[in-house]
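One structure is given here, and the rest of the page talks about it.
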């Protein structure tokens, strides 16, 4: 048996420590605050509470499969997203035998991966199970997306019989070579740890190390388990799982003090400093610390687009989304005109920088990474946790609301969409005005890649309202599976998903699984006849898609089983009636509302963003 690790750049001193106690660990789960409710920091497991007793299990229960099932439950996974295949069937038997673990059978592996992604965003960790190679290479796109978004996701694959390793046999579900490592090699670049379990001696340790590594590094891991091992007892599984704990990462105290002193001096001499929250707040578990700094400093604060939902938007000094030329009104003006800005956990890619067009200067910035702080053009401090740095800085900062006062002076409230005659064709800005009124602490928004990015970004989230979208990877179709997983993770919330017709066509099948699970999600299917986001970057006939009878499709999937309601709306009057029905009479049903929109009805932000991204994509080669 070999364990594969391909992240040498990670901190090697953050080792997994295994408690020698024999008590079953139970979770002290993360209690989210404000808008973090639906976006808890990755790696929810923080402390392990010892139970009062340990029990020796009967030999029939002391198997690899039952150990893995109990481990998943222990770290917070109560739903596992699966697609059966002959290499994982016995393993699935043992997973579903665990009373605290529910099997969610998905229509395909890609959606199973997306569902585990959405689940991890809400719960802090997710898991999926697929079969060897044909399943693994199908789910890998979703695993890559989870890697890009720093989500701890446990991808379990049913592997070949242990007797076939090291032979010249050719197996089905492979590319016809006696080398079984193709799948493993593919996963090495999109997971932080890989374990191939093909004997029982090391299985206990390999499984625990893989799961612990996913939580520690907030990245996906790959576990392959030979198909003939899941049901075999072994002495290492003969007792309830020994509770493992993650060695806590600690800041270097001297470095922390020096970094805080330098940052406080930098910010306290500024005239109009601002704060900007980035997406790495999630992996750093620093949302509360950021809010504390905003409270103490009185600086105005904004969020980068992919950080929406990680910090409260009902805070008096929140000024919106900083997204360069497509920022919330008056937000970019305040951020880019500041003489000092602190970015907590930013990701500056071509999308978030609107084609590299942000008007920021490095010498004015403090960049706070999860484990590092860089001030201005040079001074850098390592081995410092973001949450420790922000909390300590909050105690050393002088209150300064100058930039917020400037924002308050120039701010003009947004206008309302123009009103036309009765039964006029529905416009997208009118649609989102009504979606805004649906939001509460009992809802969560999932925004699909496309114009929904920009329209949902303008929604004002009430306290406790969740929000998720996949900006770094930007895989169209992600939202269908992610909605399934997210809704399964937080059944007390009603998920509102905004999905374009082009994206829906990629992954529509798992509406079936939503119905099967009795979910009460509301999907707004925005039918504008094509890939609108790509039209605005570079148009062509390939961006036009075949129109479907979307409500008819969902009705066919429903097939009279479960609670499902569909409708098609073409004007505001029909939309109002549909929302009243979905939130009233059909509040306990899955609701699918197809919204007919003009193909050119896009947000002004998409028009601006698309032209800038097009310009960045079409830069000519540098002279050789």
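The backbone N, Cα and C atoms fix where each Cβ goes, and this holds for glycine too.
Remember, TrEMBL labels are computer predictions, not curated facts.
The Mg(2+) binding site feature in TrEMBL is assigned to 501, 528, 530.
Under the heading domain 'Thiamine pyrophosphate enzyme N-terminal TPP-binding', TrEMBL lists 63-167.
Annotation comment: TrEMBL describes 260-380 as domain 'Thiamine pyrophosphate enzyme central'. Taken as a whole, the domain 'Thiamine pyrophosphate enzyme central' (260-380) shows an average pLDDT of 95 in this prediction.
Sequence annotations record features per position, and here TrEMBL assigns domain 'Thiamine pyrophosphate enzyme TPP-binding' to 470-595.
Other residues of the same chain near the Mg(2+) site, with their Cβ within 8 Å of the Cβ centroid of 501, 528, 530, are 500, 502, 526, 527, 529, 531, 532, 545, 597, 599. Taking the Cβ of residue 530 (Mg(2+) binding site) as reference, residues of its chain lying under 8 Å away and at least six apart in sequence are, in sequence order, 501, 502, 543, 544, 545, 599.
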